[in-house]
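Asker: My structure is below; once you've seen it, I'll send some questions.
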């Protein structure tokens, strides 16, 4: 290619969990002084590959070469020492410790005699923060920083480790555009010093902005490695998805009945919002926004999981009070959480126990609940949703992500809801399962006249599944778009508050 | 850093010292004897044992763990101290060494169970508590034995109003401030307590840190037990019972988070005196000791409530 040397090379990497092959003979290489982006759908295996590079996982088969020499990482510490560090999506910082202490965690500088050398650590932290063009007080506890600043602390930590390769797993997910551009400036400086950055992102605009090369993973197989200037977004998307977008999302049609759910002046916290909106029976309302703008709280408030400072909720024209999940369900509202493992499912219970959980009362015969009744109920949903399991007695933990998600959706449907609230309905599942979930949501809306509110950060999903799109900014609605007219750009403009300011 | 920011960062400390001040005022108002030198000396005498035990307890709580066996170690320590092993006052040295060794052994046992066998600290130290209580009762089935007068005088003779043992407490406290503040072990302790995954990923030997914390905790409990024994002048295998829960109370009152990684020992000085001061006041005004328990419980409840409301406001 050019004079740059290959620093990290993966040959024929395979990785399987239980019986699932997550990575299938992946070949990957990156050179010094490049920003190499890895793109792919949720569940394509990006994170798994990065965890292999950083020593969290060991490959089932295949080899890793670092600077031409074969290496086997048995842990992150070993990978760090060899020159690979990773910045995870969830930060690895100790919240109540200072910035300086976090940067030197486990490698504190010491004076003669073993007392810690705080002045030296502080000085070095200041140096690093100047290098990042940040004004950070070394003694400030990490929990007092913004997400973007915490991100910078992670990067400073990686630089202090002096690793040749820095892996960043979706570092921009929670950043504002200004913060993103300062992060990118920092990344470019690191690249120009000759370091390698492996970058994972979902945001194609950013990917094209920052990368030198792009590698596309699809269903655990490496689809292609492309030079950024020689490719187009369309090419990358079709490689990622492996089929045209039209085949993933259900066809557009129109149908909407009476207003089913109406929210007036919802205030998620004093000083935020207010937000007013409505959803019709048979309609899918897509709600999106940058992370932390309040869409999560608005959705959860409708299910009694977030206490509102003010606001009224009407269902079928009747004002209702929803202060607990129990009250929400009594009004025909169900909720699909974005945190499947902690909030959504009892992983160590069988499928039927999970699906029957919200409807024990209905399934009971006198005072007794029989397994038979539960399994009968569950069978309907197993068929409706095409849940792949040999029996409904299988433990949920043993299912794939996609099937777990379908069980979760089944749990939301068993109470026969009038209003279905879904939060990131397809996070971390494969395309096949996504298609099934989209089809099902559409069918529920159109055939059962359910009003669906879908909060999602996946723009493709919001643009293509919703009938109408609301964009949330600062706890209020910064704009509403008809799905047919909305574009990625028009949504992002509203999401960053740009459009609103322009209108003033 | 300006004063306001300083107070805000250390508001738990200000709260606990304010409570101590309030207790002192209540004491002074309710009895003229409260502020006398003799009484203040008595309070210190009572506080020393608990204070030292709590210094150990704080280490396990910073790790988001707990040590329920410290009370049993105190009991066992008084039992060992009261054995007449060899004649003469100097013979007590052997008792002291044995007590400290027994304490260290308990710490190793706790640490082994928690680190190697991965037993939750609550369960592990609960089991240890039972075992050690049994051992203490075997050594000293009924209260008795005696401790040389010279040794009692060494620890609880007074300079002015201060019992000598206060010096021991102060030294232990200073050592711990140093350990937690400027030694690698101390900082690693906070990291493990604050986020064990991060600590492990940063190359901190998490297991070793836990083990060292538990050994230190149990040894400090043994030191506390030695003080209790010297104050009582005899051994009693049930004397330590209240120390486990009281030391946890002291830590929580002192602003150390039960979730780990947060807090320091500066507050423990105040909280130890709050607890002993309240008992002292209630004794002086003649309130039955049964009500003292109720009082202790209420104080703990109110403090924790204040801390949690404050944290919620911080967001």
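In case you wondered, yes, glycine gets a Cβ from its N, Cα and C as well.
Okay, these came from TrEMBL:
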TRANSMEM  B:12-35  transmembrane segment
TRANSMEM  B:47-66  transmembrane segment
TRANSMEM  B:86-109  transmembrane segment
TRANSMEM  B:159-180  transmembrane segment
TRANSMEM  B:290-309  transmembrane segment
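Mind running through what each feature is packed against?
Answerer: Sequence-distant contacts of the transmembrane segment (B:12-35), counting only residues of its own chain at least 6 positions beyond either end whose CB sits under 8 Å from a CB of the stretch, comprise 253-255, 263, 266-267, 270-271, 273-274, 277-278, 280-281, 284-285, 303, 306-307, 310.
Beyond its flanks by at least six residues, the transmembrane segment (B:47-66) meets 74, 114, 121-122, 125, 163, 165-166, 168-169, 172-173, 176, 180, 189-190, 192-193, 196, 209-210, 213-214, 216-221, 223-225, 227-228, 231, 243, 246-248, 250-251, 254, 256-263, 265, 268-269, 271-273, 275-276 of its own chain at Cβ-Cβ distances under 8 Å.
Counting residues 6+ beyond its ends, the transmembrane segment (B:86-109) has Cβ neighbours under 8 Å at 69, 72-73, 76-77, 80, 128, 132, 147-151, 211, 214-223, 225-226 in the same chain.
Sequence-distant contacts of the transmembrane segment (B:159-180) (same chain, at least 6 residues past either end, Cβ-Cβ under 8 Å): 37-38, 40-41, 44-45, 47-48, 51-52, 55, 58, 62, 186-187, 189-190, 220, 223, 227, 230-231, 264-266, 268-269.
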